[in-house]
Amino acid sequence: MSVLPLDAADEVATEPVPPARRRGLPAFLRRPGGIFGATWLTFVIVASLTAPLWRPYEPAEQDTANALALPSAEHWLGTDPLGRDLLSRIFTAGSLPLLSSALMLVVAFGIGLPLALIAAERGRRVEQVISRLTEVLIALPATILLLAVIGVIGNRLYPVMAILGVMISASVYRVLLGVAQSVRQRLYIDAARVNGLGSLRVNLVHVLPSMATVVAVQAAQLFGIGLLIVAGLAFLGFGPGEPEPSWGFMIQDASGYIYTAPWLMVPTGLVLALTVVAANELADAIAGKVAVAGRAGRRRRRGPLRRAVAAAAAGTAEAPDPAAVLQVRDLSVSVDDGPDLVTGVSFALQPGRVLGLVGESGCGKTMTARSLLGLLPDGVSVSGGSILWRGRELVGLSEREMSALRGREIAMISQEPMVALDPMFSISSQLTGPIRRFRGVGRSEARKIAAELLRNVGIVDAERVLKSHPHQLSGGMAQRVCIALALTGEPDLLVADEPTTALDVTVQAEILSLLRALVRDTGLSVVVVSHDLGVVADICDDVAVMYAGQVVESGTAEAVLDAPAHPYTMALLGANPHVPEGEPVPERLASIAGTVPPPGSWPTGCRFASRCRFAQERCTVPFPELPAHGAGSVLCIRVDELSRDHAVWEPEHAGDEIATPLAPPAPVAGVSR
Amino acid sequence: MLAYIARRLALAVGTVLAAIVITFLLVHAGNTTPGAVRLGPGATADRIAAENEALGWNRPLFTQFTDYVGQLLQGNLGTSLIDGRDIAADLTDRLPVTASIALFATLLSGVVGILLGVAAAVRGGRTAQGITTGSGVALSLPSFWVGILLVYLLSLQLGWLPATGYTEFSTDPVGWATSLAIPVLTLAVGGAAIVTRTAAAGMREALAQEHVRTLRAMGTPQWRIRYVHALRYASVPVVSVLGIQFIVLFGGSVIIENLFALPGLGQASQVAAVSSDFPALIGVVVVATVVVVITNLLLDLLVAALDPKVRTA
Amino acid sequence: MTAPAGTAPVAATTTPALEIRDLVVRYGSGRKARQAPPAIDRVSFSIAPGETVGLVGESGSGKSTIGKAVLGLQPPTSGTVRLHGQDITSMSLKQRSRQVADLRVVFQDPYSSLNPARTIGQTLVEPLRLMGTRGPEALHKARAGLESVGLPGDAVDRYPSQFSGGQRQRIAIARALVCDPEVVVLDEPVSALDLSTQAQVLNLLADLRDQRGLAFLFIAHDLGVVRFLSQRTVVLYRGQVMETGPVEAVSQAPRHPYTVALTAAAPVPRPAEQRARRTAREAAGFGTAGAALPSATGCPFVPRCPLATEVCVTERPPLRLVEGTEAACHHAERVPAL
């Protein structure tokens, strides 16, 4: 089993995690489309069903003197060619399409939903049989078949719509099957089954509620389609006969008077259109679509501001380290109009060395790494500090300037090799594209270089791999291809974001060896992000330990890992179950009470103080600058005392775990998984 | 891949057979008999019974079915109960009308929908909001109402296009094109709205993929990321929805053909339904099913060509 | 296998809490599935009451499939699963809950293992109600269960979204333990957690086991974690047992080349030691993962094994006792020390 993406919390959630049940209005009723849809549908349904009680005229009542009248005080919506009142006729006509569409819905879901639940539960063979049958049903021409039904059973709307419901149930099944299958894969279903919950109750208690949104969206959309079909049938003459009013026939009637009385088609058409629009808007609001559309895109341009911030930072900080190829000083990354994700991060990277950014989820290491390439997620940007790359300030560069740097000077490999490559293109085309762009060579030359690059990253059958598509590769192979891709522009800096987290341990060892060989052979500088101290010990020369958006300890890998000075580093090492060779396994592991505070709720003073075993009163007061410690830095005011006392982060005694206090509930918005 | 095609072909044949079985059962389940339809109201029960016997209506259902399939394989769909015309010949004349309306409407929906959808996904913000709302309204409008509005606007007010009627391509190609223009536009309003939504969602999803970040990290130009990589990724759902649109528009042409007095399949099915002309009804269902099935087959092949995961599976 | 007296004395004298014999699991059906190698290929082991057995392997080794087969979530193709000597192999999940209420599970992903629409209380009361405990008594037990995993009892009114990953995993443990099972399947319970949280949960599991005498089937991919929690371990590769024995022997003096490869690949957070380990591993000459498919008849590790010979390709090695562990290797005696 591959490990879950551990650093997912570094991503800024695109949508807040909804609490399971909120008091008050459901979410869809807070969107304009949802309010309109629900209000209009309620109005039409109530007005239509109660029409006999309030309508000003009988639907067949003729006022021949007033035929084809425009709206007036007597006839609010005007009259038809026989002088009948349109308002009365429209709402008298409403209940039939509304009720027969509802019947269609009941039939469609009554068949489709149980079938989907059964197919999702009973496994592949049952699912195949049901799915083939529904595929046949879907491929039948519904409208024409419906006319055939009318030709046989005659002009009876309710049975016709019920039969349409049977045909549509196939589409309902198809949509709901996918949802039901994905819900059934959730582990709480397995847990409930292990508890012995029966099949029916598993479906009722656990599966159905999770499908509610999709069912509601589908139902609203299908209701609109049903209305259109009923009206269409009536338009063709397959509705209630004259003098009974129907929406479709009233529009058909109006089409004959389009030369003389174009108004006639407005009221009926508008009511029908508005009702279908309302159903669709309601569906969209339930699905939450409009909100997403509104938020898409829109990158903030903060160029001038960034430049100013960078200049200020450069002015205050110490002189740049001339030997360093990359120097990050006082870097801050923030959510626009939101909390800081990273503050005051500084480190330097010498050419040909490997620097590790290490820490737990939500500590800002991925954000720090991504800011080196200017590849922060939408709505997140560098809010201060400086990134000096070979003497050039990267903070404040335009997207175009950054883009020219990416791949050529700074390249990146990411956590999930299986999704990092474009699934639609062959490996060959994904490699030769950048090779031709970076090196200005022709197609065949580029392919030769691509094969050579693949061999350089340890792929023996390069030709076969070039011809494959990403889904045909194993995780380890895909990561090798990603590394080859990153090397196409012969960069000087490689940013590797958890490059081995998704891989098996034996594959991880191979990839780490490969990276190490590349550094040795090409003089590449590397920034590695990892949560795994073992990986850091294997590949890094220098280490920066991050906690809650800050670097709490930095130095050479030996200094930091063999003689940790910051309590957080000590605790992380104590929590690692890989004991040194020949030593017995400890009875208990060191652990840190509580969890990493999320951005926006970092305490003042030392951010680790509330979880630190050595914290004192003064740790919670803001302290101005970090005391120097050896060759690196340690963000702890007690560092000298602690090292003098040979402080060790001991494991708690047995049973202490049980007394862990409950941390305050995580905030809903902001950064979360 | 060959096995995949074979499987789809088998399903296609199965679908056509299923359509025949269903309409056969339907026709026999009703209480109208072909004899009664042919002789019209006023015929005595004895004459109707004799007529039914002559039409072979009383033979076992399975024999009738195999006979029908046998005739079908020879291209024979029987004759109309009403006017005795040859149904296969009649439908052959009508098919091009419906097919060209559906095809042009699909193409127009595709072009407009992809442009708008990509614009919505790429521009975001107000543009996306406007396009989303607009397409939401457009796909909710009843086609016959839109058709009348377009006639009012383009024909009556502006006088650009003829309101109704059909001109043969062989007699007057320009007249043919203008006679199809309003029907095609009418169908394309809803079609384009659906394609827009699919294209926008597909592009948005494509641009949020992890591999787009890899492309950006390689300094790939913006236009290449959008219009080569993301568009290719979004092409699979868009092509699928275009295929479905063709099928929907093909079926939806019943109303449009009625509204614009076009001699297509939809009109034939309406006439057959009104008059309970059973052989004509079955014939229309068979022809429509064959068109749908062939479209689905082509669609499957197209998706396989586009999506390497399907192609190499 | 029946554990020989030398390796696990407890198992020889008492009825095992859980016993798995010749388990085979094939996925799918039809000709293709029959030709493919099974996901689980003749796996046997047993767990004594109060004992923890670690099931280690990489992705595709079938370790989670074994967990599912034990729990009844995946019907085995052949073989038996016994709980306290009772054959539960083909017992439905519903029957199990009535007759053998003491087999429970904790899953890897704390996010999808709790229903987000139900309160913690509802989640914890569900198994109790099925056991016949209802009303205030069930709620009382649920609160007590939460307190036993270090969470306050009033968490019963909250929803899963209000808890962190580590806290959710505690809740999942509370759900597994609330009806006092004797055997718990832990399917990668700490793999999705951060290091410090992982340590909390491992300590908690160790405490609960010692307090309550629980037997654990502990499924993991990390030998270090397994070594912390387990007494014995079973190393899997491509659905077959490569090596099994007391955890100290298997991790310190492995007798199967795959165990050596697995142990050597796990990096330790001490730069000097890790450098030495890396040099040793690179010198050992293990083949690249996934480079070639193994033969159906022989040892599955052949394509990557530096010791492989002709016999390894043709003949599948049986598990045999070699210096304190059982290894399925023709050349177990020649396996170099770590």
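Placement of Cβ uses the backbone N, Cα and C atoms for every residue, glycine included.
Note that the structure is predicted; figures quoted are calculated from it, not measured.
Residues annotated as domain 'ABC transmembrane type-1' in TrEMBL: A:94-283.
Marked as domain 'ABC transporter' by TrEMBL: A:326-573.
Annotation comment: TrEMBL describes A:652-673 as region 'Disordered'.
With a cut-off of 8 Å between Cβ atoms, the residues of this chain six or more beyond the transmembrane segment (A:33-54) that come close are 88, 91-95, 98, 220, 271, 274-275, 277-286, 290. Annotation comment: TrEMBL describes A:33-54 (among others) as transmembrane segment.
Marked as transmembrane segment by TrEMBL: A:98-120 (among others). Away from its own ends, the transmembrane segment (A:98-120) comes close to residues 44-45, 48-49, 126-127, 130-131, 134, 157-158, 161-162, 164-166, 168-173, 176-177, 179-181, 183-184, 203, 207-208, 215, 219, 222-223, 226-227, 229-230 of its chain (Cβ-Cβ under 8 Å, at least six residues beyond either end).
The transmembrane segment annotation in TrEMBL covers A:132-154 (among others).
Annotation source TrEMBL lists transmembrane segment at A:160-183 (among others).
Annotation comment: TrEMBL describes A:204-237 (among others) as transmembrane segment. Taking Cβ pairs closer than 8 Å, the transmembrane segment (A:204-237) reaches residues 37, 96-98, 100-102, 104-105, 108-109, 113, 117, 120, 143, 146, 150, 157, 160-161, 164, 168, 172, 175-176, 179-180, 183-184, 186, 188-189, 192, 197, 246-249, 251-252, 272, 275-277, 279-280, 282-283, 286-287 in its own chain, all 6 or more past its ends.
Residues of the same chain lying 6 or more positions beyond the ends of the transmembrane segment (A:257-279) and with a Cβ under 8 Å from any Cβ of it are 36-41, 44, 68, 70, 77-78, 80-81, 86-87, 90, 94, 220-221, 223-224, 227-228, 231, 247, 250-251. According to TrEMBL, the transmembrane segment annotation covers A:257-279 (among others).
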Tell me, roughly as an integer, the mean pLDDT over the domain 'ABC transporter' (A:326-573). 92
